[in-house]
Amino acid sequence: METVLITVGKKVDKEKIYSQAVDLLNQGEVVAFPTETVYGLGAVATDDEAVKKIYEAKGRPSDNPLIVHIGTIEEVSDYVEEVPEKAKKLMERFWPGPLTLIMKAKPDVLAKSVTAGLPTVGIRMPDHEVALELLRTLKKPLAAPSANRSGKPSPTKAEHVYEDLKGRIPLILDGGTTGIGIESTVLDVTVDPPVILRPGGVTKEMLEAEIGEVAAPSLKEQQLESTPKAPGMKYTHYAPEAPVYLIERNREKIEKTVRELQNKGHRVALLAPSNYASIPADYFFPFGEEEDRKQMAANLYDALRACDKTDATIILATTTSTEGVGAAIMNRLHKAAGGKFI
Ligand code: TXA
Ligand code: MG
């Protein structure tokens with residue numbers, strides 16, 4: 001299959017581009033599109049055959065459910081049994097935006113493979129012009145996981161999608177680099193207090209300011225949990241080819257570790273804030289400025305993917321505080337490193 005990549009940008013023939021994408025989706029095909037978090041791989045969420053193509057293209061285990069994307073808040077009641085009061089407040093405040101709400105699914109409305117057999121469904125309204133225009137032209141919900149091969153870092157650029165899925169999907173809508181850079185916060189509102197199943201762009205602090213107490217498992221608990229509530233969290237994730245190790249942000253320690261590894265014959269890639277550039281690693285990928293966690297989030301996956309383009313044999317990534325979006329960054333880094341510290 002030939003994979004076509006179309007830049008949406010400010011073109012005048014935008015309508016033609018959207019109708020091409022909508023035609024493919026209505027024919028049961030999959031299409032990759034940008035959101036404000038990462039690129040998604042979409043299929044019509046009521047078409048079981050189409051949704052199965054997502055799992056196939058990604059090589060995704062079939063017990064890992066997909067997020068349903070909608071273009072308007074009103075639609076949510078078409079797909080869920082009830083919208084809890086707290087969920088209503090959160091939608092008003094954070095949609096469109098990087099917050100996925102897990103609610104009780106209406107039976108037999110969405111394709112079976114969307115929910116992977118669970119009685120619940122995750123829904124969000126993305127905050128991206130291209131995603132919203134696509135949804136509103138299609139007038140149907142889109143089931144969409146991140147548009148990477150399963151286990152790889154999520155795509156923050158159309159080129160990342162192309163690298164992973166070329167020959168496997170017919171169309172990628174290129175809307176440039178995604179803004180936030182890590183996936184949406186997944187919040188289970190079927191329980192009280194609601195539980196964060198995956199930290200993301202909408203932080204615990206932001207949620208609590210709106211609805212009061214929100215539970216969030218610590219990094220340790222996330223690792224120890226043998227049957228995580230978000231099925232996706234149990235797989236190795238976000239991982240480049242070379243092994244990743246986490247390291248404290250301590251200049252002397254990093255310098256010493258880099259030297260020791262090089263003496264053992266390693267080629268070291270270092271992911272760290274830009275002011276660590278003088279450390280003599282073999283490759284350096286800046287995350288952003290020190291303490292600028294928004295920038296770190298935006299650069300993280302591109303940096304992990306860039307490591308794959310080098311001949312580095314080991315990757316060191318510096319840790320950050322778990323304040324604000326730092327919780328999501330550390331969650332992803334932990335997964336990428338398989339919990340390994342040096
Ligand atoms: O930002 C995002 O959320 C991106 C963009 C494309 O919207 N999508 C995304 O999807 O990250 P995906 O499939 O890569 O991650 C969805 C996560 C998985 O960890 C999955 O297990 C969890 O959400 N999830 C989905 N439905 C669920 C449900 N009913 N109950 C619990 N967890 C669910
Ligand atoms: Mg994913």
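Each residue, glycine too, has its Cβ placed from N, Cα and C.
Annotation source TrEMBL lists domain 'YrdC-like' at 15-202.
According to DSSP, Ser184 (L-threonine binding site) sits in a coil region rather than a helix or strand. Long-range Cβ proximity for Ser184 (L-threonine binding site), meaning a same-chain Cβ under 8 A and a gap of 6 or more residues, is found for Thr37, Ile67, Pro98, Leu99, Thr100, Arg124, Arg198, Gly200, Gly201, Val202. Here TrEMBL flags Thr37, His69, Arg124, Ser184 as L-threonine binding site.
When Cβ atoms from all protein chains are considered, those within 10 Å of Ala144 (ATP binding site) total 27, not counting its own. Look at TrEMBL and you will find Arg60, Asn64, Thr120, Ala144, Ser146, Ser154, Arg198, Tyr238 tagged as ATP binding site.
In sequence order, Thr35, Glu36, Gly40, Ile67, Pro98, Leu99, Thr100, Met125, Pro126, Glu183 are the same-chain residues whose CB sits within 8 A of the CB centroid of Thr37, His69, Arg124, Ser184, the residues recorded for L-threonine being left out. Note: the Cα of Ser154 (ATP binding site) and the Cα of His69 (L-threonine binding site) are spaced 17 Å from each other.
Screening the binding-site residues Asn64, His69, Ser146 for a C-beta under 6 A from any atom of ligand 2 leaves Ser146. Among the binding-site residues Thr37, Arg60, Asn64, Thr120, Ser146, the residues whose Cβ lies under 6 Å from any atom of ligand 1 are, in sequence order, Thr37, Asn64, Thr120, Ser146.
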